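In TrEMBL this protein carries:
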| type | residues | note |
| --- | --- | --- |
| BINDING | Ser10, Ser16, His17, Ser18, Met98, Trp99, Asn100, Phe101 | FMN binding site |
| DOMAIN | 3-198 | domain 'Flavodoxin-like fold' |
Amino acid sequence: MATLLHIEASPRAARSHSSQAASAFLDAYAQSHPHDHIVRLDLWALDLPTYDGAVLDAKYSALAGAAMPPEQAAAWAATRVLVDQFKQADKLVISSPMWNFSLPYRLKHYIDVITQPGMLWSFDPATGYSGLAGDRPTLLIQSAAGSYDAASGAQSLDHLSSYLATWLDFIGIKNRRTLWVAPTFADEAALAQTKAHALETAIGLARQF
């Protein structure tokens, strides 16, 4: 039995285009993988640890291999709970809208919390950085008002895709693909066609994921 972790970055629930595609994917996945376990992580309902001085001090203590005082140790333990959940998943789905050409701040907050030395990455002066997340199938479901593919001429503005790709590469996740729901800023007929194509694609991907 595999565990699939769905990280939900939109606060709009069923009104969200990325969430609708994710729901279609997960429903189809559950049908075709009845023995797998699906964990849904709604970042807007999650009490994310504050990324404050205690966590930063704990991070530098970890980098230095130094003992942590109680405040740092408590902050580090709260971080490790989320990291363990992330690392223990056999498969990942991250659904996110594009906000201001980039990612929602709650998703960035989550990434900042879990991307810690000794947990998701390591550094060796001789060999440089190494990802510790462990590669696994990963699907990025992304929505945007406009088009940001190669034909659009606006690809350089897509900092959502580039950021997530850089982050996943850094922590060692290479086995990934992206499903777009875009453009959503369109007339009713065009939007319906875009969504229908995205949902059909999501269902097809789920059966082979």
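Every residue, even glycine, has its Cβ placed from backbone N, Cα and C.
All protein chains considered, the CB of Trp99 (FMN binding site) has 16 other CB atoms within 10 Å.
Summed and averaged per residue, pLDDT over the domain 'Flavodoxin-like fold' (3-198) gives 95. Secondary structure at Ser10 (FMN binding site), as computed by DSSP, is coil.
In the three-state DSSP assignment, the secondary structure recorded for Ser18 (FMN binding site) is helix.
In the structure shown, across all protein chains, Ser18 is the one of the binding-site residues Ser10, Ser16, Ser18, Asn100 with the greatest number of other Cβ atoms within 10 Å. Ranking the binding-site residues His17, Met98, Phe101 by how many other Cβ atoms lie within 10 angstroms of each Cβ puts Phe101 at the bottom.
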